[in-house]
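Feature annotation from TrEMBL assigns active site, proton acceptor to Asp18. Annotated active site, proton donor per TrEMBL: Glu172, in sequence order. Positions annotated as domain 'Beta-xylosidase C-terminal Concanavalin A-like' by TrEMBL: 308-396, 467-513.
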Amino acid sequence: MTDAATFRNPVVPGFHPDPSVCRVGEDYYLVCSSFEYFPGVPILHSRDLVNWRQIGNVLDRPSQLELPPDTHASGGVFAPTIRHHDGRFWMVTTNVSIGRHLLVTATDPAGPWSEPVHFDLPHVDPSLAWDDNGDCWLTVSGVESYRIDPTAGTVLEGPVPMWSGTGGQYPEAPHLYRIGDWWYLLVSEGGTHTGHAVSVARSRNIRGPFEPGPVNPFLTHRSTNRPVQATGHADLVQATDGSWWLVLLGIRARGQWPPYHVLGRETFLAPVRWVDGWPVVDPVEEVTVAPPGSPPALAAPSAPGGYRDDFDTAALAPQWMSLRDRPSSSWSLTDRPGWLTLHAAGSTLDRAGATMVVRRQEHHDCRAGVRVDPGAGRAGLTLRVDEAHHYDIEVCDGRVRVGGRVGPFRQVFGELSVPPGPVTLTIATRTADVLPPTVTAADQVAAPDAPFGVRPAACDTVSLAVLTDDGPVVLAELDGRYLSTEVAAGFTGRVFGLYVTGGSASFDWFDYRPAPR
Ligand code: 6LW
């Protein structure tokens with residue numbers, strides 16, 4: 001046994017798909033897709049590629065990010081690319097809900113970012129590279145490139161067909177890199193699920209022709225039983241010590257057959273070595289061995305990942321997202337100092353328009369709690385994937401009620417009377433060893449000791465509880481599979497949401513903890 005240094009993957013857990021990375025000096029910056037959520041394109045900073053902290057959102061005002069009310073949960077902002085060139089940061093992405101690519105720049109990656117320059121070009125997954133003449137190239141899925149004027153938003157040449165991988169479906173996530181005398185082209189293929197793969201080609205000329213690498217795809221977990229699946233959508237970066245790394249997306253499914261993944265696509269990190277001029281990557285593991293000679297910081301353990309927000313800051317933390325927009329009339333940190341006050345717009349979580357702020361579920365086993373004063377309104381805590389897949393615990397008129405919607409089905413699972421005033425609501429998830437029964441209050445009254453029998457393992461159980469003077473009362477324990485990508489479909493993942501669907505209500509704090517397994 002060696003005592004080789006390791007680090008934990010995913011390095012950015014929870015719904016953080018389609019990562020793109022760049023380095024400036026000692027600092028690394030990473031962006032991810034954000035789909036229906038506003039603000040869009042989270043940007044994170046790291047000094048070691050392992051420990052990341054969100055420093056803002058690239059698209060944080062409506063003039064940059066238009067998400068029409070009918071934006072689908074997996075519409076909006078698709079895969080971004082971040083680069084640093086000529087003293088500026090550049091971020092390009094696609095807003096599929098308006099059918100355009102948009103490019104913004106900043107001198108400070110924490111913002112502000114510029115107003116967008118739009119490109120009405122087909123496909124998704126735009127990437128940027130500058131050639132030896134200083135010309136800017138926009139490469140998109142398919143795979144094809146356009147020479148562009150990034151400031152004027154005009155196309156100067158193209159489409160130039162590039163290399164489209166080994167023939168797998170959906171050649172996408174292209175990135176071009178100038179390394180030595182070569183242009184390397186990374187392409188993902190196989191679709192962003194268990195067939196996902198990353199392939200490479202290179203050319204002396206940015207216009208091609210591209211010569212495929214000797215082993216393609218050079219990274220895939222398809223048709224394996226590895227715990228991390230769907231590895232793909234990768235971006236390459238060279239560390240300060242000269243070593244090379246890939247950031248990529250993967251999923252961690254749980255349960256027996258078939259497994260379900262509930263956290264969305266997460267960001268992983270993998271060391272890259274070069275063999276005869278081609279990148280080689282070992283399979284991506286949750287505990288990854290750092291290559292010999294890695295700077296010690298690379299082997300530092302990731303932060304445990306809990307947080308608490310007391311809402312006593314002047315602005316909402318950048319991790320909070322809203323659905324499609326966040327009009328100033330919908331929320332306030334000053335109406336009741338030290339509390340987050342939300343004002344209802346829509347009256348149901350089942351349709352667009354509900355007032356909500358959400359944060360990602362980042363661990364399979366975790367607990368989120370909130371202290372809410374509903375006033376004369378209706379407010380609560382939800383665990384959601386989209387409008388058709390959510391479990392909720394809410395308080396209104398002295399009653400706490402647990403309900404949920406899965407597809408066309410909506411049900412109330414349990415209720416309890418509570419005294420007026422603030423109440424603490426929690427939602428906990430626990431990786432399940434056996435398929436949890438869907439327990440309703442009526443079941444418990446009718447047959448409190450009825451055996452449910454052991455069924456094959458599911459992915460997790462979701463417990464929704466209210467804190468009373470006598471301790472926590474669990475009002476429902478629900479099967480987590482219904483809040484998974486395999487059931488709900490789409491590109492996002494689970495989030496916890498603070499919401500108001502009637503009147504106005506205030507939230508004193510929100511607390512999120514990973515739970516030991
Ligand atoms: C993205 C594509 C993909 O555009 O999923 O993982 C799509 N790959 O590259 C949405 O995230």
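The backbone N, Cα and C atoms fix where each Cβ goes, glycine too.
Any TrEMBL annotation is an automated prediction that lacks curation.
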Over all shown protein chains, what is the count of other CB atoms within 10 A of the CB belonging to the residue listed as 'active site, proton acceptor'? 31
In whole Å, how far is Asp18 (active site, proton acceptor) from Glu172 (active site, proton donor) when you measure between their Cα atoms? 11
Glu172 (active site, proton donor) has how many other Cβ neighbours within 10 Å of its own Cβ? 27
Which three-state DSSP class does the residue listed as 'active site, proton acceptor' fall into? coil
